[in-house]
Amino acid sequence: MQITLLKSKLHRVTTTHSELDYEGSCAIDGHFLEVAGIREYEQIQIYNVNNGNRFTTYAIRAEENTGIISVNGAAAHKAAPGDLLIIATYASMDEKEAEEFKPIMVYFDEKNQITHTRNTIPKQMQQLA
């Protein structure tokens, strides 16, 4: 049986551009793609933290070390410069592969600088009143 797991995530990157008239896609700083293991033209899911929009497009490479996150084409209606995004990729694998698989999660500060990476998410704990 095949299951689908989180492959990689760019967590809380800031949208730098929103280009309605550019060919559809999301341009992502090439260094971010490398660190997260995202391939150019790979399908990505984008979750807009500011407005709740969730949409699918594909990644293209932007110039490295620029911090560019440009939402292009029709998707430009779903994200504006300054919006915080979570960009995720997923992979299908069999259950044996899934037992050993670890995603790559890349975390950012407000200036689109990488702060750290992880391959697990801390357990969510109940908040005390």
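Keep in mind that glycine also has a Cβ here, set from the backbone N, Cα and C atoms.
Keep in mind it's a predicted model, so treat the numbers as computed, not measured.
Listed in sequence order, the residues of the same chain lying 6 or more apart from SER25 (active site, schiff-base intermediate with substrate) and placing their CB within less than 8 Å of its CB are THR57, TYR58, ALA59, ILE60, ASN72, GLY73. Here Swiss-Prot flags SER25 as active site, schiff-base intermediate with substrate, drawing on sequence analysis.
Swiss-Prot lists SER25 with the feature pyruvic acid (Ser).
Under the heading substrate binding site, Swiss-Prot lists THR57, GLY73, ALA74, ALA75. DSSP gives ALA75 (substrate binding site) a helix state. All protein chains included, ALA75 (substrate binding site) registers 19 other Cβ atoms within 10 Å of its own Cβ.
According to Swiss-Prot, the active site, proton donor annotation covers TYR58. In three-state terms derived from DSSP, TYR58 (active site, proton donor) belongs to an extended strand segment. Other Cβ atoms within 10 Å of the Cβ of TYR58 (active site, proton donor), summed over all protein chains shown, number 14.
When the binding-site residues THR57, GLY73, ALA74 are compared by the number of other CB atoms within 10 angstroms of each CB, ALA74 has the fewest.
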